[in-house]
Every structure is written in C-alpha cells, then in structure tokens.
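Positions annotated as domain 'Major facilitator superfamily (MFS) profile' by TrEMBL: 25-475. Taken from TrEMBL, the feature transmembrane segment applies to 28-55, 95-112, 124-144, 150-168, 188-207, 219-238, 283-301, 321-344, 365-393, 413-439, 451-470. TrEMBL lists 66-76 with the feature compositional bias 'Low complexity'. What TrEMBL lists as region 'Disordered' is 66-88, 498-531.
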Amino acid sequence: MQEDQALLVPPTPKPPPQPQEFIGTRHVLAFMGFLGFANVYAMRVNLSVAIVAMVNNTAIPHVNSSSSNVCPASSAGNTTHSTEDGEFPWDEKKQGLILGSFFYGYVVSNLFGGRLGEVVGGKVVYGIGVLVTSVLTLFTPVVVRYSTTLFIILRVIEGLGEGVTFPAMHSMMARWIPPLERSKTSGIVYAGAQFGTVVSLPISGLLCQSSFLGGWPSVFYVFGVLGILWFVAWMLLVHNTPESHPRISQEEKDYIHTTLNYQPGQPKALPIPWRHILTSMPFWAIFVVHIGQNWGFYTLLTELPTYMKNILHFDIAANSFMSALPYLMMWVLSIAFGQLADLLRSRGSLSTTNTRRLFNSIGHYGPMVCLVLVGFAGCNHVAAIVFLCGAVGLNGGTYSGYMNSHLDIAPNFAGTLMGITNSFATIPGFLAPIATGALINDNETLSRWRLVFWISSIVYLVSNTFYIIFVSGEEQHWNRPQNKYLGEVQSQYGTLDFSSAETDGRNSEGGLVSQEQGGGPSQPTTIHEVF
C-alpha cells in the first residue's frame, strides 16, 4: 500500500531556475505599470495643487486671521512670494466637494474593472482606464470655466476611468508574477502612484506660478498629453498573458508557468464563489484594512497642499515641493520594503502571513503615531514636515502588506477581490475631503487640523488591528472551485489529482508539497495556484 502511495505522490520538485536575461517581459510589464500609475496619480493629485491657484481667496470669508491658534504668516521656513488670486470663489466646503467628486465615479467602476481584467484581460482594461482620464484631463480648463457643475461631473467620469486600474493590474499580476516576486513587484508597480505624486506636485506648483499656457491650465494640458503618450507605449509593449506575448523567451515563459503552475486549456476566468468570499474572514480582514488605509491616505493626498498653504503658510511653489517630499519617502520605502519582504519569505525567516502582518503594521501603526505628533508640532515647520514625511513614508509598508493579500488568498480572483475592497475603500476618498472641509470650513486653525489628523490615526489603529488578527497569507480552498480543469492534471512531475484538494498540503510560495512537508499520508501532492 505504501509503495502504491509512493508511486502516486511524485517527489517535491526544486524551484525552477530564474531566466538568465537581465530584463524579461514581466519586468517590462512592471515598469510600464509603474509609469501607468505615475500618470494616474499625477492626473489625480494635480488638482490638489492647481485648486490653490484657481481659488479666489479674497472672495471667501475667513474667521481665523487673528486667532492665536494659527501660525503667523512670517513663520520661519516660509518663503513669501506675491501670488495672484484665482478665478473661482469656492469656499472650503465647495473645494472638498470638488476634490472628492472624483471618487464618486471611482467607487463604481472598481468591481467591473476586476472582473473585466479576469475575463477580457487586464491590458485593454488598464490602458483604456488611463486613456479616458488623460483625455478628460485635457478638457478640464475649458469645462471648469464654463460650469462648476460640469467640472464636478467631469471629475466623476475621470474617476470612472481610473477605477478600473488597480483591479485590472491585480488580474495581470496574478498571471505574470511568480509568488516569490510578488512583494517587490507590487512595491515597484504601485510605487508609481507615489512617483507620480512626487513629480506632479512640484511641477504643478511651478506651472501654476508660470505664464506657460495660462498658468494653472497648463497643469492639465501637460499631464493629459503625457497620459496619452503612455497609452500608445502600453498597447505596443504589454500583453495580457505570457503565452500571448510574441517576444517572451521560452525560458521566461516556462519559469512563469512553472511557478504559477499554469495548465493549458483552462478557462480565463472561473465562476466567482460569492458565498465563500463573503464568509471568509481573511477577505474581511483585507476589506476593513483597505478602508482604513484609504481614509488616512486620501486625507493627506487631497488636503496636504491646503494645510501647507493655509496653516504653515508656504507659497504655492514651496508648498508643492514640501507636499511632494512625504511621497518621495513613500516611493523609496515601498520599494525597499518590497525587496525586504520577499527576502524574508524566500529565506524562510517569516511565513507569508506574518510578512503581511509585519509590513502592514509598519504601514499603519507608524503613520498613526506620526499623525498624532503632527498635531502637536504646531507651527514648528521642521517638526511638522518630518512627522508628515514619516506618516506618508512608512505607509509604503502596505504595498508589502494588504496589497498582496488578494493575490495570496485567491490569485484566480485577485482582480475581483481588489475590485470589491477598493470599491468600498474608495468611499473615504470623497468622505474624507468632505469631512475635512466641514471641520475647517471658515475656521482653519491648528486645533481643527489636529482633529483631522487624530481621526485618521484612530482609523489606522482600528483597521490594522482587525487585519493582523484575521488575515491569512495562505491560498483559500475556494480559490479553485471544482470543475473539469481541476480534476486531474498531467504535469512534468506526474499525474496530480485535485478532486479532493483542500488548503492543507499547499504552501504559500506556490510550490508543491510532499508528504514530509505536511501534505498528509492520504493526500495527493497539490499545486498552489491554477490560472
């Protein structure tokens, strides 16, 4: 009997060697994804700077000009330049509505983006999403001067375009990126968001102060054109899957297919196991922490330039450079954290679950502490900037944390899961600016802004605590619903039976598990992921 079992259970294979080429097609995908998110976030945040130049502040009533709870305009560290007032008499509530309107569209298209990426392929979905936003960005100056209401509608449609980007990219990474490269690849790809912010904020500030194409309108013209140029390169260089790429080497294709245990002939998209998803605590851990992440992140992303100008009194150029500095820190740290996370996993120092817990805690508890300290920094410009850099920079740990959890627990449905969590996590995108606007409306004081930062700290604390309790880094059994493609698979290691496969016997690195590794004496060897 044991001899028969030994024949049924093939030996555990060694991990396949990595391809010899220095730059493979999966690296091109990662780089183009990085540039795509750079464009996406440049077009998303440029309004945060441009709105400072667009608003006619003298037409808005303020009640805090003589308050002792406000930093003096001549504070050290401030660089004063005369700036022209803007065209639009938008008060803080109106500004909050305009900044948040983008997310009304963004929340709708996330779920569709994830599923479309799985069914149609992420290349077209991701590309069209960026293209739509780019074209609409070009029309922004004309539309906003015609009607504020139409401008808000345009921002909503831009959100619809960008809403598909994160889920579509997740669906592509599930088909392209080996498990032990996920953290660092996610760190590179999604760090494009921070790079776009770093580039967009100071360039937008300089353009607003210049006379190029009318000042603030040039912000939208420049980044709209860049987005269109990126789209052309994306469509030429990137393909949906390794097997559809005409220029991929056979060595790299075999490496990707082996590590992901790809089997020819299986469907592009499996039926979504809704009941299992909605009763999965690891899924709800991702859901909750994603909402908490976006509350804190979007509060700073949309409101930081306003805080820099109206509280710390930086002029628009210095404001944009200082607002970009925290995102420069986040860009650098997110890439570094990704490399470290995959190193710890590959060496066996940490399990996938504990890796996600560690780096997400860095990404949430770190900012939590820093935002509390920002509230106490007051008018100390140096301390405020240092703590804001810490709050945003340490948040880069999340790209090696929850941002990979969708791929960990169910790679077959990674796009759909990202679409679900990001849809609901987008709600803070419009609630946070509105809440901030309501708190500081006509009364921008240190105490009011301190309350804004403390609310974000509390959200970080609660959401990450829930995450580290319930998260898992292991593939869930519902990732592979029973169907004809998962019954029996002929591989280079023998015939593998999946008809009774459960979570036991799988590891979190996409490898095969032998009896000695815990597969169980009566269980056949299983494969971690099937696409």
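Each residue, glycine too, has its Cβ placed from N, Cα and C.
No curator has checked TrEMBL annotations; they are predicted automatically.
Not measured: the values here are computed from a predicted model.
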Stretch-level contact, the transmembrane segment (413-439) and the transmembrane segment (283-301), CB cutoff 8 A, at least 3 pairs: yes
Ranked first among 28-55, 95-112, 150-168, 321-344, 365-393 for CB pairs under 8 angstroms with the transmembrane segment (188-207): 28-55
Winner by Cβ pairs under 8 Å against the transmembrane segment (283-301), considering only 28-55, 95-112, 124-144, 219-238, 451-470: 451-470
